[in-house]
C-alpha cells in the first residue's frame with residue numbers, strides 16, 4: 001500500500017497529542033485489517049499467479065533482479081527447477097518481511113519527517129544521475145561553494161564617511177535605474193538622448209552594462225537590482241552569435257563579471273555562463289605560437305588581429321590580460337586547457353629577448369617575434385604588468401614565475417620610463433624605439449595602485465621605495481585633475497615645452513568616466529589611511545555630479561578644459577563596474593573585499609585568492 005494512503009492515521013492536527021503511536025482502538029483495528037489483507041494478497045499471489053515471483057520482487061519490493069534459471073528448453077531438469085523454486089520462495093518471504101518492517105517504521109514517523117526523507121532521496125537520485133566524475137548537465141564538476149570573506153562590509157563608523165558612501169550608492173542607483181529605463185538589454189546607455197548604445201567590441205552580444213554591474217550591485221547590497229540582473233542573465237544572455245568580438249574586452253567584462261558574480265552570490269547560472277563563454281574564446285589561441293588573436297568570430301572560430309596593429313601583431317595588454325580569468329575558468333570547469341593556454345603565453349615571452357628589459361606592445365602571433373618597439377604602461381601595455389603581479393597574489397603567492405616577471409619588468413620601467421618633471425612630478429613616459437615621449441595617459445594612472453599593491457613583496461629593501469613611487473604617481477594624477485576647469489582628468493597629459501600634467505592636444509582632452517585615478521586613491525587609502533586620498537576621491541565625486549550627471553544617467557565630456565561640459569552621450573559600462581565601485585570601496589572599511597582574500601581583475605571584478613592549502617580539494621571554492 002502506498003505510504004500516502006497511510007498518512008491520515010499518523011496525523012492528528014486537531015488534538016494536542018500528535019504522537020504517531022497514540023492510536024485509538026478503532027484505528028488499531030483498521031490497521032490490523034489492512035496488514036492482514038496485505039499479507040493475504042501477497043501469499044495468494046505466490047501460489048496462484050503465474051511468474052508471480054518476478055511481479056512481487058520487481059514491483060512491490062524494488063529488490064535487485066532475482067537470479068532465475070531462464071532456460072525453458074529440454075535441458076532444464078525437474079530437480080533444478082525445484083531448487084530454484086525453493087530459493088525464490090525464501091527470497092520472496094525475506095523481502096516481504098523487510099517490506100512489512102519498512103511500512104511499520106514509516107507509520108511511526110511524522111508527516112514532516114516523511115517529507116524530508118523523500119526530498120533527501122530525490123536529491124541523492126539526482127546527484128547519482130548526473131554522470132561520472134561528478135558532472136552536472138552542463139558537464140561541470142560539483143563545487144562546494146563557500147563565500148570568501150568580505151563580500152559585503154560593515155557600515156563606516158565615521159558619520160561623514162558613511163554619508164559620503166551613501167551618496168556614491170545613490171549615484172550607482174541613478175546610473176543603473178537610467179540604464180534600466182532607457183537601454184535595458186543594450187550594451188550601454190546614451191544618457192542624453194536616452195536610448196541604448198552598442199560598441200562593436202562586443203559583436204552581437206548584449207547586456208554589457210548588466211554583466212559589468214552585477215558585482216557592484218551585490219557589493220552595495222542593492223539586492224533587488226541584482227536579482228533583476230540575474231534574471232536577465234539567465235533568460236537573455238546569449239553567446240550563440242555569428243559576430244566578431246574583442247577577446248580582451250569580452251574576457252575582462254563578461255567572463256570577469258560572471259566569475260565575480262558567481263563567487264559573491266554562489267548562483268550557478270553565473271558559473272555556467274562564464275564557462276560557456278570561456279569555451280567560445282578558446283579558438284582565439286589557434287595560432288602557430290598560441291598567442292591569441294585580438295578578434296574572434298564566436299560562431300566560426302576564425303580570428304584575426306587589428307589591422308592597425310604593427311603588421312598584424314597581437315597587443316601586449318590584450319593577450320596578457322587573460323590570466324586571472326582563465327585560471328579561475330579551469331578551476332570552476334575542471335578543464336585544464338584554460339590554464340594551459342595562458343601559461344603558454346608566458347613560455348613564448350620568456351624565450352624572447354626584451355629590449356632594455358622592456359616588453360614591446362606588439363607581438364606577431366605567427367612568427368613569435370616582437371613588432372614595433374613601442375613600450376607603454378598605459379594603453380596597449382598597462383594590464384599585462386598588472387596581471388603578472390595579481391597572478392602571483394591570486395595564487396596565494398605560489399606563482400614565483402609571475403612574481404619574478406613583474407618585479408623585473410617594474411625595475412626596467414623605473415630605469416627607462418619613470419621620470420621627474422622640473423617641478424618634481426613623477427610620471428611614466430612612453431618609449432618608442434629608444435626615444436621617450438613625455439606623455440602619460442589616464443590609463444597609466446592605475447600604476448600608482450599597482451605599485452602600492454606589490455610593494456610589500458618587493459625584493460630586498462625596496463618596499464618603502466615603491467610606496468613612495470606609488471604616492472608620487474597618485475599625486476601627479478591628482479594634479480592632472482586639479483589643473484583642468486572641470487576638475488576631471490584628461491585622456492592624456494604631457495610634460496614638455498614648459499607644460500606639466502596638462503593635455504596640449506585636442507584629441508587628449510576628453511574624459512570618458514574612467515576609473516584609474518580613483519583606483520589608485522583606493523589602494524593608497526587602504527595601505528596608508530592618509531585622509532587626503534579620501535578627500536581627492538570626494539573632489540572627483542563632486543566633479544562627476546556637477547559636470548557628468550544628467551537626467552538620463554552619467555555622460556563623458558569632450559573637453560575637461562572647457563567652461564561648460566560638452567557631453568559625449570555615453571555611459572560606459574566600466575563606470576558602473578569600476579569607477580563607482582572603487583569610489584564606494586574608498587569610503588568603506590578595510591574588511592570590505594579585503595586584499596588578502598580578493599584580487600581585482602582589470603575591470604574591477606573581484607576574484608578570490610586560490611588558497612594553496614586547497615589544492616587537494618579542487619572542487620571546493622574558498
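Cβ coordinates come from backbone N, Cα and C, glycine included.
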Transmembrane segment range according to TrEMBL, out of 8-28, 29-49:
29-49
C-alpha of residue 516 (active site) to C-alpha of residue 382 (active site): distance in Å?
11
Alpha-carbon distance [residue 382 (active site); residue 602 (Ca(2+) binding site)] in Å:
9
So which one is it: of the active-site residues 382, 491, which has the fewest other Cβ atoms within 10 Å?
491
Could you tell me which of these active-site residues, 249, 516, has the greatest number of Cβ atoms within 10 Å of its own Cβ?
516
